[in-house]
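**Student:** What follows is a structure written as C-alpha cells; I'll ask about it next.
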Amino acid sequence: MGEAIVITSGKGGVGKTTTTANLGAGLAKDGHKVALIDADIGLRNLDVVMGLENRIVYDLVDVVEGFAKLKHALIKDKRFENLYLLPAAQTRDKTAVSPEQMRDLVEQMKEEFDFVLIDSPAGIEQGFKNAVAGADKALVVATPEVSSVRDADRIIGLLEAQEKHKPFLIINRIRADMVKKGDMMDIDDMIEILAIELLGVVPEDEAIVVSTNRGEPAVLNSQSRAGEAYRNIVRRLQGENVPMMKLEDESGFFGRLRKLMGFKG
Amino acid sequence: MFDLFAKVFGRDDASKEVAKERLRLVLVHDRASLSPQAMENLKNDLLKVISEYMDIDDQGFRVDFSRHDDAMALVANIPIRSVKRQSLSK
C-alpha cells in the first residue's frame, strides 16, 4: 500500500507544480513506482512541466466518470518507466469531480503505486478540497513573501482542522543574498511564523526556468542547486535524515568564485 | 547569525522586519477567523449591550485584536458620553 502526498500552497505561482514534478521524478529515479495526479482541473500544467503534453489521450475526469480506464489514462514518463502522470481535464472545471470520487481514485492508485503525488490547484475552494481528500500527507509550498506566507498559514489552518494531515513546509525560491541583507525572511522566520515542521528549502535557481522550458525536471540535473535541494527532500520522504542544505550567497565576488570553482557548502 | 549581521551593519530598516511585523498582525486577524463582516457584527452587538448602561460615542468606538507576545487580546476602546443614572428601585 503506497502513500498519497498532496502538494498545496493556497497562493498561486509559488511552485506547487514544479515541486510535484521534481519530487515525482526524484522518487522514480530512486526506484519507486510513482504516479502524479494533476488535480488542477481546467488549468492543467503538470503535463508541460513534465514534457508529456503530447501524449495525453484521457484525463482525470474521464477516469472518474468511467469513460476511460485508469490504466489507459495514465501516461508513462519518457525517462522513467516507473513514473506515470494522470493529467487534469482542460475543458472542464473543478466541480466535475467530488472529494469522495478523488478519495476512491487515490485509494485505488495507492494499491499499485509506492507514491501518489497530487498537485493541488491554488485557492481554498473545491479544487483544493478535491486534492486533499485522498491524501495521507500534505506538503505546503511557500515562498518568503508576505502574501505567500499568509496564504500558507490559511491552508495549514484548514489542513489541521481536518485532523487528518500533518502538514510539512517546503520553503521555495529563497535567495541567500537577500536574506543576508535582511531584505528577505529567512528559514527561521518562516518556521516561527507558520509553526510547522520543515521538510526542505529550495533556493531560487535559474535552472528551474530552463528545465521547465525543456520539460525536464531539475532534480535530474546534477549541476542545479534547486535540483540538489529537491533530491534532499526526496531522500527525506523516504525516511532518511538529511541535514538542511546551507544557503549559499553566489552574488558577491567570492560567491561567484566559489561557484566557478565548483565548491559546494 | 543574519540578524546579527543586519544589526552590526545598522540595518534596522531591513525590510524583512517590516514583513514579519505586518504578517504577525494580519495573521492574528486571519487565525481568529473573523471576517471584516463578523468583526462589524461583534462591534454592533457590543454597542447594543453597552448602550443599555451608558451613552457611548459610537463614532470613536473601536474593537481590535491585539497581540502581546504569544497571547492575543480583544481590545475595545469605548469613549463614554455620559453614564445613565442608576434607578434606585430595582
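The backbone N, Cα and C atoms fix where each Cβ goes, and this holds for glycine too.
Sequence annotations record features per position, and here TrEMBL assigns domain 'CobQ/CobB/MinD/ParA nucleotide binding' to A:5-217. The ATP binding site annotation in TrEMBL covers A:Lys11, A:Gly12, A:Gly13, A:Val14, A:Gly15, A:Lys16, A:Thr17, A:Thr18.
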**Student:** Can you name the residues of this chain that are 6 or more positions from A:Lys11 (ATP binding site) yet have a C-beta less than 8 Å from its C-beta?
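**Tutor:** The answer is A:Ala122, A:Ala142, A:Ser147, A:Ser148, A:Asp151, A:Ala152.
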**Student:** Taking all residues of the domain 'CobQ/CobB/MinD/ParA nucleotide binding' (A:5-217) together, what is their mean pLDDT?
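**Tutor:** Here the mean pLDDT over the domain 'CobQ/CobB/MinD/ParA nucleotide binding' (A:5-217) amounts to 96.
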**Student:** Would you list the other residues of this chain near ATP - those whose C-beta lies within 8 angstroms of the C-beta centroid of A:Lys11, A:Gly12, A:Gly13, A:Val14, A:Gly15, A:Lys16, A:Thr17, A:Thr18 - in sequence order?
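**Tutor:** After dropping the recorded site residues, what remains is A:Ser9, A:Thr19, A:Ala122, A:Val141, A:Asn172.
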**Student:** Rank the binding-site residues A:Gly12, A:Gly13 by how many other Cβ atoms lie within 10 Å of each Cβ and give me the one with the fewest.
**Tutor:** A:Gly13
**Student:** Tell me which residues of the chain lie with their Cβ under 8 angstroms from that of A:Thr17 (ATP binding site), as long as they are six or more apart in sequence?
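**Tutor:** Residues satisfying the criterion: A:Asp38, A:Asp40, A:Asn45, A:Leu46, A:Val49, A:Asp119.
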**Student:** What is the Cβ neighbour count of A:Lys16 (ATP binding site) at a 10 Å cut-off, with all protein chains included?
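**Tutor:** By my count, 29.
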**Student:** Reduced to three states, what secondary structure does DSSP give A:Gly12 (ATP binding site)?
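**Tutor:** Once the DSSP labels are grouped into three classes, A:Gly12 (ATP binding site) ends up as coil.
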**Student:** Based on DSSP, name the secondary structure state of A:Thr17 (ATP binding site): helix, strand or coil.
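**Tutor:** Reduced to three states, the DSSP call for A:Thr17 (ATP binding site) is helix.
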**Student:** For A:Gly15 (ATP binding site), what residues in its own chain, 6 or more apart in sequence, show a Cβ-Cβ distance under 8 Å?
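**Tutor:** Long-range Cβ contacts: A:Ser9, A:Val141, A:Thr143, A:Asn172, A:Arg173, A:Val202.
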**Student:** Taking the Cβ of A:Val14 (ATP binding site) as reference, which residues of that chain separated by at least 6 in sequence fall under 8 Å from it?
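**Tutor:** Spatial neighbours, sequence-distant, of A:Val14 (ATP binding site): A:Val141, A:Ala142, A:Thr143, A:Ser148, A:Asn172, A:Arg173.
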**Student:** Cβ distance under 8 Å to A:Thr18 (ATP binding site), same chain, sequence separation 6 or more: which residues?
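**Tutor:** Listed in sequence order: A:Val49, A:Ile208, A:Thr212, A:Ala218.
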